[in-house]
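*Asks:* Encoded as structure tokens, here's the structure I'll be asking about.
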Amino acid sequence: MNKTTSSHSPIHVIGGGLAGSEAAWQIAEAGVPVILHEMRGVRGTDAHKTESLAELVCSNSFRSDDATSNAVGVLHAEMRLAGSLIMRCADLNQVPAGGALAVDREGFAEAVSAAIADHPLITVLREEIRGLPPKDWDLAIIATGPLTAPDLAEAIRAETGADALAFFDAIAPIVHADTIDMDICWHQSRYDKVGPGGTGKDYINCPLTQEQYDAFVDALIAGDKAGFKEWEGTPYFDGCLPIEVMAERGRETLRHGPMKPMGLTNAHNPSVKPYAVVQLRQDNALGTLYNMVGFQTKLKYGAQGEVFRMIPGLQNAEFARLGGLHRNTYINSPTLLDHSLTLKSRPGLRFAGQITGCEGYVESASIGLLAGRFAAAERKGVSPVLPPVTTAFGALLDHITGGHIVSDDEPGKRSFQPMNINFGLFPPLEPGALTRPEGAKRFRGKEKALAKKQAMASRALSDCASWLDQAV
């Protein structure tokens, strides 16, 4: 079909997955022409099976659709408010999945592909882009996802630096800070070391007796483990071994590795030396999330909850993210990108989707949505208006572009790791925002936690609507 002309020069989007498709749609809906470059049809990947745009490689679930008390459900709702193509096509191709939003994967991808093909301001070119965009592409978005082709990945590495591009996630679980039992745990850095920006009390420490340690090691070794996808290979290297692999190398390995007790004194029982210690380190600037240091794992999710709650102090832990180790090409976004997702070293070039370090279908699409809106605003000569950090959009964007705390003692060379949306990324509620429901006999525990989530969700949707009224 003939494409409608526009007075604006086109914006180029590289990658026709969830993020790239959403970015292209948002740009076009803003009245700016866009050229979407997708290599499938010319060159396939090890995971994709079709040439459709927005093909779902793994699950067909977009997870919870509850916008009243679930962070991903809030993100769904915000995307719908913003006119998301991905959410529109998901809703049109929904299949029964309880409280979750799951889709017919073929119908979904076909719907996205058709909408993109039919839009008068979008042109799809089936070609592989082997390097960074040429200089005459003054505005471009790279949204090539976790399976970025080798030539482009190498070009990104050359532009950003040798340590700025990761090809595998070594993900340790992340715990909501308010679910850690501080009657058992205590704050202390090893040897009370202060370090850059530290206080000497930068870690939460969980003590284990020998009996508890032995039981924990046995459970780790016996735990149900996930295998690698055929196309992932087995990327173990010593700086980033799964915790259960370390345990299998010898019963004392963990005590002399990530669970070593040296330099730590139990504040609750100073005269008794712990046999082993699990350390958790602050993961976000808000201090609402803590990651389990050195606990990258291939245990299946169900096993992780059972095994890690054996650790004293984590018996009631709620996890913002569980651990994993898998193929996932992504950049060190907090260092490389500004808050509008633009590469600091190259104005006009944005990154979007999973390559920025977000995790999950809707998270990737939402960052594509933001990148598309920001690029369209820039094309129109308007400064992008950032979403408030109180929204799901803003909380995720803030984590990617600067909310993560960088640490020098992370296993391997990186500390920024991909993250799903969760309420731990949102700023705390204002004092007094939670009040006891009228007639309620108690307001603590699960009731208070639910009320907190509901208040955060309500605030997010209200602030998102206000932001959309301002944004171009």
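Glycine residues also receive a Cβ, built from the backbone N, Cα and C atoms like all the rest.
Not measured: the values here are computed from a predicted model.
Straight from Swiss-Prot, here's the annotation block:
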type	residues	note
BINDING	GLY15, GLY16, GLY17, LEU18, ALA19, GLY20	FAD binding site
*Asks:* When you average the Cβ positions of GLY15, GLY16, GLY17, LEU18, ALA19, GLY20 for the FAD site, which other residues in that chain have a Cβ within 8 Å of that mean position?
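*Replies:* Those within range, site residues removed, are VAL13, SER21, GLU22, ALA23, GLU38, LEU53, ALA54, ALA143, THR144, GLY145, ALA352, GLY353, SER364, GLY368.
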*Asks:* Return the residues near GLY15 (FAD binding site) by Cβ distance under 8 Å, restricted to its own chain and a separation of at least 6 in sequence.
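*Replies:* GLY15 (FAD binding site) has long-range Cβ partners HIS37, GLU38, ILE142, ALA143, THR144, GLY145, GLY353.
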*Asks:* Looking at Cβ-Cβ distances, which residues of the chain lie under 8 angstroms from GLY20 (FAD binding site) while being 6 or more apart from it?
*Replies:* VAL13, ILE14, LEU36, GLU38, LEU53, ILE141, ALA143, THR144, ALA352, GLY353, GLY368
*Asks:* Around the Cβ of LEU18 (FAD binding site), how many other Cβ atoms lie within 10 Å? Please give the count over every shown protein chain.
*Replies:* 34
*Asks:* Which ones in the same chain are close to GLY17 (FAD binding site), with CB under 8 Å and 6+ residues apart in sequence?
*Replies:* LEU53, ALA54, GLU55, ALA143, THR144, GLY145, GLY353, GLN354, SER364
*Asks:* Between GLY16, ALA19, which of the binding-site residues has its C-beta surrounded by the fewest other C-beta atoms within 10 Å?
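*Replies:* The binding-site residues GLY16, ALA19 were compared, and GLY16 has the fewest Cβ atoms within 10 Å.
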*Asks:* DSSP three-state call for LEU18 (FAD binding site): helix, strand or coil?
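*Replies:* It is helical.
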